[in-house]
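K.L.:
Structure provided below as structure tokens; questions to follow.
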């Protein structure tokens, strides 16, 4: 990529009146240099079965080309037209809640062969039509793809085939998944029941894994079709999305991002985050670090983020700028808003775009103009930022799903991403850059510090590998529940935490729920309320580990809560209970120091966020962001350089000041 | 009507043992002079398909006639018999939740042709049977009728026909409703999908409008059948009901009351309200004002209200009297209790009647006796009260439904009636009488002050008409969200509030959700906590308007929250945010004063409620109600007159006293 | 039974690896002398239709016999195999929520004739196979059996037959159940609608009664099959369970325990209870008293209780012992844990057994070892404890179901067991032993004090019998709502409380919901907050009764809240409102005193719990339990004896001390 992309999603189809020329003009004024089109417009492109109409695409391509704006074309497949639902009602997915009804997007069974036939045809028709247009720089296959819970008879049949291929015999399956329990044993393949009401969390986790494979396969299938047509200079991407809690929050349970990203040329993501007083930058950083890690540190595209979004997200002055450059600081080469204009009908009427419903300039649009100008001007300095981190978070979709099935036992069924985010946000707040790895990653051993939340389900081989990593000098922070079950989500029959107890120097076989339990015997120097525990505690006995904290409780006080163990040349920390972030912050800071990674950036702290990387010219670029409504002052500790917005020289150890929601970027000479 | 009606719903069918003679005797002792019978008793009247049994009706008519009690006969159609459900299971409506099962009332598809055939037959049979009975003074067609969510394939087909007739072409529909969004475009009539899972709030609002038309049509159809038989001295009514929040609360979303009332001779309503310490009279007044307005100020019937009702409604001594005369003060000519006796089986066992399950006199029945006596004695003075108001509330079912579909954006889906009631209750508390108008009303221009809550969806013509109203000297108070979308619930593409911004002298294109936001720069003289905002705020820029209050917030402080604008000879006020009632009370009081409507009644205030009207003799009658458990004292400000309960003379400017939950009525000489 | 049983549920089928010999060894070390096997393992015993495999059963029987451990064999019928669901999908019950899907246990229609055929075959096969094994001491038919809501067409047809047989004519049914209401009248048998959506609470209560009969019939059917095979020295039992609120809580609404227990040789129960700081022993005592009463005071089996259970139940040191002996003190001859080992897959992975997932000794297992030793050593002293009580609680499933259908009117639909438990726990806390009786019990008249919570539905005959009981010198405490409706849940047409008002000397016809209402005029000597009422109050007028408390409220203050009446030689107390337990404790204590039952045990109080009985040697055994984490001291008031754990002599009136969660047992010489 040779130019930072500043983009919007654009839908000529949705316009209440003819706007195209006026819109292009307004985009250009705002420095918008790329639009994303055509995704979710199948009913317009193919108004009836086999009848194609490229009017809107043609109009947009022509106007954009004329205006010098690049285009990313999306395949339209994630929302099916009315005629298809009528002709093939069976394309509407059967989920555990019954068969979907027409209306929403993402309601189809992506394994349905008729659907695949239609999807392939429309993709080929569009590709034939647009591939040679010089404005088109890339393609987005589908959008925020998942399996959407499809689990009707055909999907169940596919799953049985998958199980046959993977486990060969029913004896094997019965044993591995413990199907004798409550008479769930399967003694003939034809008896294999639907997974929709299974009580077996191991089996439901396997079904979830199978469904993620369906997604990977489907995206690979679409990408392969597009690849037959695309020019060498055009890329293929996907708009991945994150686990959602009112905004982008955590690891996506329904997609194996690392696997699915393999067939993309470049990774794309949508990141939606709280705003106004709740804007912290954590989601931008989290989503960015994850997406950059999908393809091993390659720069990525923030395909969608909010301009105005929900009413409660209407940005304060300065926030849109702060956000845009925060994406770049994590390694994004594109910042794209969804959508260009606020839509006048249907579900997302109140998910506002860069323009309000009146299409007129507004404060947010006006701020975007300054971003567009700066993107254009500073692109050579800021594009293709290379980032190198010594800390990684090991996440696992298998662990997430297994933990979702069992959680902390009965009743509480969620939490993986909450635990992961508590740790990630701790690192973010102390300005420790980090990457993400998953169990398939080959580069785990390259990091000095690994943070491993809730590795609930994992094969022996992974746990042994992590033991070796420590033995060879690595440092791991594990949380509770790690090592608990194997790759089939069968609880290990050994002491807990399974296998990794070797590196951790501890064991437990009992756990309970803390009521009025805190920590004691620690060096955390925290107030009692900050040491209160919630939800879960494991009754840990150290073998060789040093105890960092015991439980403060009349009965459980003899058990360890948090431990640290020297193992070979490395160090392994275990957090055996759910703590406040005050406690995990202490543990993280201590681990960063022990890993020799505590530097000048760590002397700053949220709301002053700093990020850095190396630009195309091989120079180091330091970003400083003020995520608060108060001015902040600090000493710039690096070598002489230039502040890029102002062009002013910056000398080492000089005082710097950031306005409320302000920022500076220093390129070191 | 020549006599105030004091009534009960009576079901000989439900009696656990022979009671008829005894009941008539007890009714007469209580002054009950009308009973309402036969509604919801289809399975008794027609025990098998085509087999009719009028035993109960005949018994009741004979006994009532003998006792001198009048009868309103209900068509029995709102609960179908078991044999019909078995023979025609398809009569049980298919709703978005699936097909109804037999059991509850109102479970049928009122568009089903078999149902219509059966309903017509039973209505004709009953009419033939009862029409000549001298005791019968009128008919109630069906009961609390709605479409009950019927939306199976036949209803969808009717909707498509409705859409064809109304919008002619699919291109039209696709454009107006923005169906290109998420591939919802319809390119052939046969592709028209069911509305049951639509994501298009404009379309779902149109479907709701269609369903209200189904109700209007159905009631008109029943009324026309009844009209073929009824004597000229007999009336046709319906028992309309209100939006329900544990008691009668607001505008009924599922029925166009003004349209449906057209086919009735007299409007009827049920009003159920909180009691004991929570009795305020507001629901009685609200329901009364609305029902009186249905037929342009004609007196109406309170067909159902509680005697004892829910356990928590058991009235304190005096409250039943207070309630009964409050209905009259709003223009009712009838107060009817549901039911006569507490029922010994099934769903409403704990919805107690005038009698408890033991059929014996009880404190509530004993209080009713005094009411019956006073109704009888004072009927000539109190019947046919004429009321003339200068203030009206403009409500709109289109706005309500559109606002329900979109609300304040994502998540929050309700609120129209809460906003309306905050304004209505403000007027009620300051003793400002008001009427209701809807967009079809021809008399809007007759009022001096219009209160317009959340006019979310409205055609240009209505908004222009309202602009003209102001220009010509009227005063309007609008709330937030008014003018936002057109009659198809498509958001306007202009500055907001659409069209009415001309009269309001403001505009906005952004809005947000207040967090710790209050008002500033106002003259409201309120405590900070009373100025706290919630839920919604529009970022308003005045053009010609005077700002009555700004937002108290570091970022949004430059935007106006509440404005007032002189436009032509009139005044237009805009409330751009959700405030406490303390704020709306100030705005309403100010508007009432500016409209020249502030009089002596407004110097009194809740809990002292006063209402007035002109009786048949052309004399003004002033009601004074004490809605509290404390004695209240005030100066009677009008001309010399007579207190009707006591017969005592009242001289102008004399001191008056009301007991706890007490009341007085003065007829001015 | 000649030996106390100390048992575990054991599933060789679920083992992740070969463990049998090791498990038997560990059981023997813990004093486990009985295992319960085979229930819910149908898919292992009959892997395909008609193919039987007794490998696991044979292995277990052989190992147990060799190890000297007794075996209770369960019929496997409460979870169906996959092949059966595939072959006969109609065996999966249709409930009001639709047809069950395969997965969970207890998903079948126990009235289905194919299911019955399969169940009978597998039971016969197992019985033939195991009956002669000397290790087998008894059989458990099915497990925690209920009707599981089965209510498909075949069940509805059975219900219609049941109604025909019971009520003969539809006129009868229409009248009794008030079906004329809302047109629910049934005029032909073929019109009888499904009960799944009935609005008639009387009819739904009758359907619930019918479903309980289905359970009784089903268990009797299974027991009869088993009885054809079993040896005379072998017993038949069932593992009944209680109403569940996160733990065992109250009377089981879905089973008539007294009826179903008739076909068992010995009653069995599962009791799961809170633990740690929330361990009170109340559930152990409640479940024990109920189960002992099922067969008229016969000793019973605690077939299932928790070893570790839920994470939050992990017992404190000492608690497992305290619990085990508490079961014996209520008359249990067996304490069985579910399960032996924590299971590594599926729904109950986190319902931990005596062993954790690592199969190693742990603190709970180690404590069990001491229990096993003491059970073995003290068995002759503690087995077959005979208990004789003068107080009984009269419960009624008809009342429970009727009250569930109507509750306190609209909205609140639960509470029977809460009321019953408030009274039971009051007795428990003051160490008053009690039995349970139900309306079919012949021994009601044997008790000096009857406690009757919420006897909402009852035939005249029962109420008249209770009146006679009082007249003849008995004392009854009734609560609100008693006598309200007849056996068909039709509200009585007389003054309330129906019929029993004769003995109570009161009446009421109105009731309401207390808001800021307390009690006044009482001698309870309680703080105002302890006298606050909630949920319900009846407006009672005494005729001959003495008022124990009036309502403290400006309007309702003239009505009585709690009354007491001398009737014949007896006394009848009425609690007309929902009070705190502080109030019911006062009433209960007073009643116990007036019944002449206040003794030395009542001078002790919770957390010091004492129980007693007469052992096989005819000696009285006194148990003293400390349900707290504080040491307690008291004076032993009975004759000289021996403390059984220590063997120490105890002299009358000597000081005794119990450790936190400690206990002592004294056998009086």
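Keep in mind that glycine also has a Cβ here, set from the backbone N, Cα and C atoms.
Keep in mind that TrEMBL annotations are predicted by a computer and have not been checked by a curator.
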K.L.:
Could you look at A:105, A:116, A:185 and say which one TrEMBL places alongside A:143, A:313 in the substrate site?
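P.N.:
Of A:105, A:116, A:185, A:105 joins A:143, A:313 in the substrate site that TrEMBL records.
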K.L.:
How many Å separate the Cα atoms of residue A:313 (substrate binding site) and residue A:304 (active site, nucleophile)?
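P.N.:
For residue A:313 (substrate binding site) versus residue A:304 (active site, nucleophile), the Cα atoms are 15 Å apart.
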K.L.:
How many Å lie between the Cα of residue A:304 (active site, nucleophile) and the Cα of residue A:144 (active site, proton donor)?
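P.N.:
Computed Cα spacing between residue A:304 (active site, nucleophile) and residue A:144 (active site, proton donor) is 11 Å.
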K.L.:
From the recorded positions A:105, A:143, A:144, A:304, keep only those with a C-beta under 8 angstroms from any C-beta in chain B, and list them in sequence order.
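P.N.:
Near chain B: A:105.
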K.L.:
Counting across all protein chains shown, how many other Cβ atoms sit within 10 Å of the Cβ of residue A:144 (active site, proton donor)?
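P.N.:
Within a 10 Å radius of the Cβ of residue A:144 (active site, proton donor) lie 21 other Cβ atoms.
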K.L.:
Quick one: average pLDDT across the domain 'Beta-galactosidase trimerisation' (A:390-597), no decimals.
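P.N.:
That region's mean pLDDT is 97.
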K.L.:
Just the number: how many Å between the Cα atoms of residue A:105 (substrate binding site) and residue A:144 (active site, proton donor)?
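P.N.:
Taking the Cα atoms only, residue A:105 (substrate binding site) lies 11 Å from residue A:144 (active site, proton donor).
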K.L.:
How many other Cβ atoms sit within 10 Å of the Cβ of residue A:304 (active site, nucleophile)?
P.N.:
24
K.L.:
Hey, what's the Cβ neighbour count for residue A:105 (substrate binding site) at 10 Å?
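P.N.:
The answer is 19 other Cβ atoms.
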K.L.:
Which number gives the other C-beta atoms within 10 angstroms of the C-beta of residue A:313 (substrate binding site), all protein chains shown included?
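P.N.:
A 10 Å sphere around the Cβ of residue A:313 (substrate binding site) contains 22 other Cβ atoms.
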K.L.:
Might you list, by sequence position, any residue in that chain lying six or more from residue A:143 (substrate binding site) with a Cβ less than 8 Å away from its Cβ?
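P.N.:
Within the chain, residue A:143 (substrate binding site) has Cβ neighbours under 8 Å at A:39, A:40, A:74, A:78, A:238, A:239.
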